[in-house]
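J.: Take this structure first; my questions come after.
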Amino acid sequence: MFQIVKSEKLADKIYLMDVKAPRVAHSCQPGEFVIVKMDEKGERIPLTICDYDREAGTVTIVIQTVGASTEKMVRLKAGDFFEDVVGPLGNPSDFVREDVEELKKKKYLFVAGGVGTAPVYPQVKWFHEHGLDADVIVGAKTKDLVILEKEMEAVAGNLYVTTDDGSYGRKGMVTEVIKDLVENQGKHYDVCVAIGPMIMMKFVCLLTKELNIPTIVSMNPIMVDGTGMCGACRLTVGGKVKFACVDGPEFDGHEVNFDEAMKRQQMYKTEEGRAMLKLMEGDTHHGGCGNCGGDE
Ligand code: NAD
Ligand code: FES
């Protein structure tokens, strides 16, 4: 059992929890995720790690309520327990394995959209802890939906907050800020990391392709069981079939077929859609194990 030591509402439908999970906290890296199970019969919910405290043995997760399971999850309070917290899963962000001296020669731009701010935070914090300055754009629909601003401010080189309605910070979507920084303010970026809703990542990638900035995206949103078994997170990257939970979750955004991934995500939600996908994808329909039966 894994005890919740802190539970806090960050914004409408967005909650933060610190969970005692010493083994995960000891070894997790930016980019990885955990699977949380509320009780024995509970759904497996993959969630990106927002922060970790190796000494306290806690990991921080941010939950956006999207259905019955997440609604039930956020009703838990400090002192309550999760049945299971499995992880760390997935692959760490590429920069974790890079030589820090080489990284110092590159300028990174992190683009966080809405709840995607949570997985961006540990990456920017990692940069800060390694003496690297990164620029960060945080976008949200309105002022009330901007999360982790103070935390991000403490670790970012420059932080640009933008809201779609202009109720806080700049006005406009994250893509408008990228354009402004590069085209009007003379900024140069070697790598962009964009994490947020699929539609945001798609449009950031279209823009950064034009601007010639290599871009990494996180395909967490299409994951369901997070173990390579269900096949939900199948996507095409550079013409090859990949599974976000085992091959990712981070990929070269300029190689990701977003339209296919978004269409597939919608189809996967219905029984009829899954039957159609199975027909279309044959033996490769399911994930890593290839013989689990998945949705049969
Ligand atoms: P949102 O819809 O409020 O969008 C956040 C920001 O993204 C906007 O303020 C805007 O700046 C930008 N954006 C949105 N559409 C855009 C477009 N067409 N062009 C350019 N920029 C655009 O975000 P939300 O409701 O907080 O996001 C929820 C989604 O984020 C969920 O679907 C969830 O799955 C996803 N998410 C993704 C990750 C990940 O790892 N990629 C992590 C957590 C959450
Ligand atoms: Fe099920 Fe990846 S989330 S195979």
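Every residue gets a Cβ built from N, Cα and C, even glycine.
Okay, so TrEMBL annotates it like this:
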| type | residues | note |
| --- | --- | --- |
| BINDING | Val62, Ile63, Gln64 | FAD binding site |
| BINDING | Cys230, Cys233, Cys245 | [2Fe-2S] cluster binding site |
| DOMAIN | 1-95 | domain 'FAD-binding FR-type' |
J.: About how far apart, in whole Å, are the alpha carbons (Cα) of Cys233 ([2Fe-2S] cluster binding site) and Ile63 (FAD binding site)?
T.: 19
J.: Cα distance, Cys245 ([2Fe-2S] cluster binding site) to Gln64 (FAD binding site), nearest Å?
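T.: So the alpha carbons of Gln64 (FAD binding site) and Cys245 ([2Fe-2S] cluster binding site) sit roughly 19 Å from each other.
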J.: Whole-number answer please: how many Å between the C-alpha atoms of Ile63 (FAD binding site) and Cys230 ([2Fe-2S] cluster binding site)?
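T.: Checking the Cα atoms of Ile63 (FAD binding site) and Cys230 ([2Fe-2S] cluster binding site) gives a distance of 22 Å.
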J.: Per residue, counting other C-beta atoms within 10 angstroms of the C-beta, which of the binding-site residues Val62, Cys233 reaches the highest number?
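T.: That would be Cys233, with the most Cβ atoms nearby.
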J.: Which residues, in sequence order, are found in the same chain with Cβ within 8 Å of the centroid defined by the Cβ atoms of Val62, Ile63, Gln64 at the FAD site, excluding those residues themselves?
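T.: So the additional residues around the site are Leu10, Ile14, Tyr15, Leu16, Leu47, Ile61, Thr65, Thr70, Val74, Val115, Ala118.
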J.: Within the set Val62, Ile63, Cys230, Cys233, Cys245, which binding-site residues show a CB-to-ligand 2 distance under 6 A?
T.: Cys230, Cys233, Cys245
J.: Restricting to the domain 'FAD-binding FR-type' (1-95), report the mean pLDDT as a whole number.
T.: 93
J.: How many of the residues that make up the domain 'FAD-binding FR-type' (1-95) does DSSP mark as helix, as strand and as coil?
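T.: Tallying H, G and I as helix, E and B as strand, the rest coil: 15 helix, 47 strand, 33 coil.
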J.: Let's check the environment of Cys230 ([2Fe-2S] cluster binding site): how many other CB atoms sit within 10 Å of its CB?
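T.: Result for Cys230 ([2Fe-2S] cluster binding site): 24 other Cβ atoms within 10 Å.
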J.: Radius 10 Å, atoms counted are CB only; among the binding-site residues Ile63, Cys245, which position scores highest?
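T.: Most Cβ neighbours within 10 Å: Cys245.
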